[in-house]
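> The structure's right below; bear with me while I get my questions together.
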């Protein structure tokens, strides 16, 4: 601001030199509008109960936005959509959210070349226990989704710590070339009495070139669920307490293609299953070029590895509308909690699962299924 005031003063001086005032008619010069100058500031800090509304209104006037101990009012989104190219958003302290039954999101970010990060002490606290009722998104209280990373291009989200989300956490949709690093979601409080549900870590749809590394997800649903998209990479992460690493469910959406996905170097702990591909009975789409590599898991409760082409109605014969091809498992080692866990279960439609390659796959401690259907050549449910 000081530099801008100096510039204004210099311009006024130049005008005075070029056009000397008539002593009989002295020139009157208006003072600069201080409020206007403030709006041009490149670094903006917003805090407290008015921080969210002020940030949403002033976001395009700032190249760097600090959100310091912001208290977002109930039923309100911390709206950082349509940011100017290159905007840098930094969370400081504790961001909190008022209570209301609504769908959310609590936070929304979109734009090009955007960086969103949290300082070392920053936490986005959803205080989800106010909504948790064991129903998740399937009934009971209407619960707000947490963080929409929609329509982001060539952007980065890093060092974000989210605590106790009411329901799903990150929704990644319509984004391209997005990198997410060192994301922590801690919903362990929701394990009490199984009150938290549908607290997916990352739901990905209609997005390309998404890279997620260094995540730690403690939740009660999919750690990652890729419903559609291409060129997606998830690595060097820990998933605990949820439903593991999932493709799908695929089908029933505008975009039902999943292609070129890699999960690498992930530990899956105490989850329903470690590896899952689920496609919708009777729908169409495709799943291809999916690789799980160097995955370690322990104490799976329901399945070690499960592939279902009748996900929404397992009583029906799997259908062929969403073929699963070029599916690679390499160096997968894990354990089931007990015999109630099925080590491997495959339910494919007739001829709709092909070109699978599994090497170095070991699942122990559970039961072996004798109900697998249309298992591809070279693959077995009895490892």
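The backbone N, Cα and C atoms fix where each Cβ goes, glycine too.
Feature table excerpt (Swiss-Prot):
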| type | residues | note |
| --- | --- | --- |
| ACT_SITE | 221 | active site, proton donor |
| ACT_SITE | 243 | active site |
| REPEAT | 175-206 | repeat 'PbH1 1' |
| REPEAT | 253-279 | repeat 'PbH1 3' |
| SIGNAL | 1-16 | signal peptide |
> Using DSSP and collapsing to three states, where does the residue listed as 'active site' fall: helix, strand or coil?
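SS state of the residue listed as 'active site' = coil.
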> Counting across all protein chains shown, how many other Cβ atoms sit within 10 Å of the Cβ of residue 221 (active site, proton donor)?
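By my count, 26.
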> Distance between residue 221 (active site, proton donor) and residue 243 (active site) at the Cα atoms, whole Å?
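It is 5 Å, counting Cα to Cα.
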> Give me the non-local Cβ neighbours of the residue listed as 'active site': same chain, 6+ apart in sequence, Cβ-Cβ under 8 Å, ordered along the sequence.
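Listed in sequence order, they are 221, 222, 223, 271, 272, 273, 276.
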> What average pLDDT does the predicted model assign to the repeat 'PbH1 3' (253-279)?
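Overall, the repeat 'PbH1 3' (253-279) comes to a mean pLDDT of 99.
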